[in-house]
Amino acid sequence: MSSKFDIGSLSIVMTLLICFLLLSLAPKLEAELATVQHAPNPDGSISFLVIGDWGRHGLYNQSQVALQMGRIGEEMDINFVVSTGDNIYDNGMKSIDDPAFQLSFSNIYTSPSLQKPWYLVLGNHDYRGDVEAQLSPILRSMDSRWICMRSFIVDAEIAELFFVDTTPFVDAYFLSPQDQTYDWSGVSPRKSYLQTILTELEMGLRESSAKWKIVVGHHAIKSASIHGNTKELESLLLPILEANKVDLYMNGHDHCLQHISTSQSPIQFLTSGGGSKAWRGYYNWTTPEDMKFFYDGQGFMSVKITRSELSVVFYDVSGNSLHKWDTSKMLDSDFYFPL
């Protein structure tokens, strides 16, 4: 009787062990966005610059914008730089050996203050070339600043930045690409790819304990410039951002600088797409009370974050401050509950 019980118990234990091993080896039903840890300053603060639509071999005032970025970056002692995409014009990189990487990036952003990590998303022009070239770790071995992924998180403790690959959301690139060719090799099947992005983003935002949440994408959710609002992002992405109390959405794509804040959404919509060629003279916005700032020239943006305050400044090609916006949040220590 005793030996039968021992054999039976052993059988149950072995069965449970096999089940545990199979479960541990099985793929997770919910994947997670890759996360890069970026330590804040000793006081918990961070500061960074935001530039978009820039890679033109230094032309169209790219070099002048880079010079002023270096000056402002030194004054602020920035921690890193954010790129909102369209890193290499006109058609991305042809290969890992494309000289455009050096001519549009390494040889342009040479100021000492800009020798910090650059966190980059892809834009639609980047998708016109070899996407894997921009994503390759070989580029980082050539220039250690370059950190480019499709979608990922930068965790700076006080703030988390969620980088989203927005180009595959836009129907027109698939339905009517005209004479353009896009590299969708890492995107198909599209429906599954987009759902994965949305699921992982929603999970990351929901689980984030950061004081400030910022989302970065190439395409604008709201814009008064040539491309206007991106309807696919308004319907698919915006509800997730609003439900998870995102503070800022930062983008490029439209070659301008703008700040939109609507009564329908608590999110600040910030466009920094003036890294080189700008689009002068185009403006289409019907609710002037929502447009806090619009500039149809070249420039960039800075962000400074502390435990209780966030400050955004837009600069032109000469480094002049054009627009500033500040907000604040209560510190945890400010909440007092009497016994």
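Think of each number as a place in line: the chain as shown, counted from 1.
Note: Cβ is positioned from N, Cα and C throughout, glycine not excepted.
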Hey, Swiss-Prot has Zn(2+) bound by N124, H218, H253. Any idea which of D86, D179, D290 it lists too? D86
If Swiss-Prot says D53, D86, Y89 bind Fe cation, which of H219, H227, H255 does it name for the same site? H255
Measuring CA to CA, name the entry from the recorded positions Y89, H218, H227, H253, D254 that ends up nearest N284 (N-linked glycosylation site). H227
Taking the centre of the Cβ atoms of D53, D86, Y89, H255 as the Fe cation site, the remaining residues of that chain with Cβ inside 8 Å are G52, W54, G55, R56, G123, H125, G252, H253, G273, G275, S276, K277
What's the CA-CA gap between D86 (Fe cation binding site) and N124 (Zn(2+) binding site) in angstrom, rounded? 6
Fewest other C-beta atoms within 10 angstroms, as judged across H218, H253, which are the binding-site residues: H253
Select the most exposed residue of D53, D86, D254, where exposure means the fewest other Cβ atoms within 10 Å, treating these as the binding-site residues. D254
Mind checking which of N61, N124, N284 has the fewest other CB atoms within 10 A of its CB? They're the recorded positions. N284
About how far apart, in whole Å, are the alpha carbons (Cα) of D53 (Fe cation binding site) and H253 (Zn(2+) binding site)? 7
